[in-house]
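*Asks:* Pulled these from TrEMBL:
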- 1-304: domain 'UvrD-like helicase ATP-binding' (DOMAIN)
- Ala22, Gly23, Ala24, Gly25, Ser26, Gly27, Lys28, Thr29: ATP binding site (BINDING)
- 308-618: domain 'UvrD-like helicase C-terminal' (DOMAIN)
Amino acid sequence: MKLTASQYEGVNTTGVPCMINAGAGSGKTRVIVEKAATFIESGLEPCRLCAITFTKKAAAEMLERLYLRIGIKAYQAVICNWHSFALNQVIKPAIKKQHPYFVKCGYTSSDLVILDETESLTLINESAKKTLSNSDYEFLKEHGGAKYVQNFMGLSLSYGRGPKSEFEHQSKTNPNLTFDEKALLSHCVCIWKVYYRRMIELNAIDYDHILVHAVKILTHDVGFRTWLQNQFKAVLADEHQDANPVQGLLLKLIVGQGNNLTMVGDEKQSIYAFRAADVGQLLNAQKEFGDMKIVQMGENFRSTEQVVNVANAIADLMHEDQKVTDGHMIAMANIQGDKPIARQFANDKDEAITTANEIKQAIESGELKPEEIAILYRSKVIKDPIEAQLIEHGVEYRVVGDKDFFDSKEVKDWSAFLRFCANEKDVMAASRVIDAASLKTKGVTMRQKLIDKNLTVIEYCKYMTTYGTVKSQDRKLGFASLLECHSIIKEALFECGSITDLAKINNYELSDSELRNKWGEVLSGLEEGLHQIWVELFKPKIIDNAKKKYKTQEMTAEVISEVNKREQNVITLTKRLFAFTEVHGHLHDCIKELNMLVDSGEQGASAVQLMTEHASKGLEFKRVYVIGCEEEAHFKGNEKDNVHEELRLFYVATTRAEKDLIYSYAQRRLVHGEFKTRKPLQFLCALPVDLLYWESSISPKVAYEKSNKETTTKRTGNPIQMLARGQLPHPKLTVEVKETRIEGFKI
């Protein structure tokens, strides 16, 4: 497809800092890929091109599209997320050469362990117990425990602040902290210091510290910084409206004056302030890079003209100082479409029943496929009624972001085993394996023994095969089995962990067609062997846990279903791992970075997508329901400080729709067991009346309570605005709806 004038300008602007202000549905990824391809086709070595985005999934999609555009050379380019860039381009080269920074920190080995969120929480909790008194530890638990500390550290590190500087910052900016707030601040800082030392002892690093370490190295090592800037002659930074201060600083350190920089983003879609995203980096980019050229890509290829009109009206509500341009988009789909709908409901159940019923009819009639429909909500109190009604109506759905694939226990356990096989110094991985494999001891006990007796993990495991009495026979055999399985997989990984290894062993040329068939056989055999190990080490405890869950000693249908589901997740992880070797090379290296490589979540093959408005960013659907458009869902109390952020979030939700867009809100909603009166979202009320088709379910379906006053049922204008102005009553409702119960579900 031919590039538009603005797309062409974005692709061919080089030699100066360039910002591509890419509106929703404007073909942003296509332009990034085309620009990368143009650089390479113009003679730039692929390894000197870098494209950085925010998720592994987005990076994988970009790489795949570049491969389709220019072929195998695409895999030589550096296309990754921020954490992968910092780890692979800065930290690993530095630690491998024993950089003075890491020596000073106390790291002794180049074999870094990457902690996932759960492992980080475990270490934080251990640090808290070691640091605090019993009463202070209980106080911390009442305020969120280790998770509170983890969030505190993560937010602080997003601004580049360590424990000392964060304490000083909080003390200076919040002089009126309460006694409890001061205690929490003090506890977090003390725990952070102990946790940091513990990470170094384990030769480990967590996600949040990765970026900070990279920034510190590049800030203080001018030679390394200059080398890196010379290494990458073209840098494309995607979704930069979502960058936090540390990511923004890292970008500046990579690009220097910025003549090789292409910054891509849309300030109207900056919605992650709660995790320190700083839209000011995009708004002020022209000041930062003086001769920056701004390319406005306002064409929208996604949505109908009617949806684009509403999106433009929302953009008009944004303050001028919150926009790079006027933010207006031009609909390119050549389809006018139907007006988006704004619906007013008496209560949350009416809203949920109508939405679920309409979705069911659309699917059964063949009008839409389930995966073409999304329901977006702002908070959990909005989600619960619609989820109940989707079940009630027998509609298949998937909750996106509610529990990610990689967050499931069996996946984390299996990931830990694979990591332990690839790196026997990974103490946290080995610890998790011991807990999951039911070896009659605990991982925390092992970690303490390693310190007390100065043992390695393998030495400890060997010790456990002989230590104890006859009563310890099961534990001894369990550790013997673990050691054997570890040895088998470790040997397999080192002997033939990549297609290149296989070629060397069998004297194949890499271009030989027979080589790929042989590699497929190797992976198939390894997959079968890994599965047998999982069955031996982990499945017995999975079965026991399922029996406990369903309070039975038998292999009932429920138990079998539970075990099969978890077994399938493990199989999926193994298949994903093998797929990663296509891009990342050696299995051994892929496993060691498994926490960095695996993306969260599985795409529902055929299910309605139920997700938060935040989770919807970057996605598109033929029909979008934005439910619970209420002030109380978007604003807590009377705080209006985040009005800009919430308006941008409303804009993001709106621009997910390709064809049909339906907003809705309820006058009354069940909140914590009590019905609360709700107000319509101010942004919805502020839209021009003629852009939306307004519907109210209040009349004639509703039975009003008797009143001395006569009510007028004939009204004109925007019913939601009328309610906001107090022109509509807040009746108690009795709605006649025939409920269809699905056997096996209880709401």
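A Cβ is built for glycine as well, from the same backbone N, Cα and C atoms used for every other residue.
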*Asks:* Just counting, how many other CB atoms are there within 10 A of the CB of Ala24 (ATP binding site)?
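*Replies:* Within a 10 Å radius of the Cβ of Ala24 (ATP binding site) lie 25 other Cβ atoms.
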*Asks:* I need the neighbours of the ATP site defined by Ala22, Gly23, Ala24, Gly25, Ser26, Gly27, Lys28, Thr29. Which other residues of that chain put their C-beta within 8 angstroms of the C-beta centroid, in sequence order?
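*Replies:* The surrounding set, listed in chain order, is Val31, Asp266, Met297, Glu299, Asn300, Phe301, Arg302.
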*Asks:* Comparing the binding-site residues Ser26, Thr29, which residue's C-beta has the most other C-beta atoms within 10 angstroms in this structure?
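*Replies:* The residue with the densest Cβ neighbourhood is Ser26.
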*Asks:* Report the member of Gly23, Gly25, Gly27 (the binding-site residues) whose C-beta atom has the most other C-beta atoms within 10 angstroms.
*Replies:* Gly23
*Asks:* Reduced to three states, what secondary structure does DSSP give Ala22 (ATP binding site)?
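*Replies:* Reduced to three states, the DSSP call for Ala22 (ATP binding site) is strand.
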*Asks:* Within 10 Å of the Cβ of Lys28 (ATP binding site), how many other Cβ atoms can be counted across all chains shown?
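*Replies:* 22, counting other Cβ atoms within 10 Å of Lys28 (ATP binding site).
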*Asks:* I'd like the number of other C-beta atoms within 10 A of the C-beta of Ala22 (ATP binding site), please.
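*Replies:* Excluding its own Cβ, the number within 10 Å is 27.
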*Asks:* For the domain 'UvrD-like helicase C-terminal' (308-618), what is the mean per-residue pLDDT, to the nearest integer?
*Replies:* 84
*Asks:* Going by DSSP, give the three-state secondary structure for Gly27 (ATP binding site).
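*Replies:* Where Gly27 (ATP binding site) sits, the three-state DSSP reduction gives coil.
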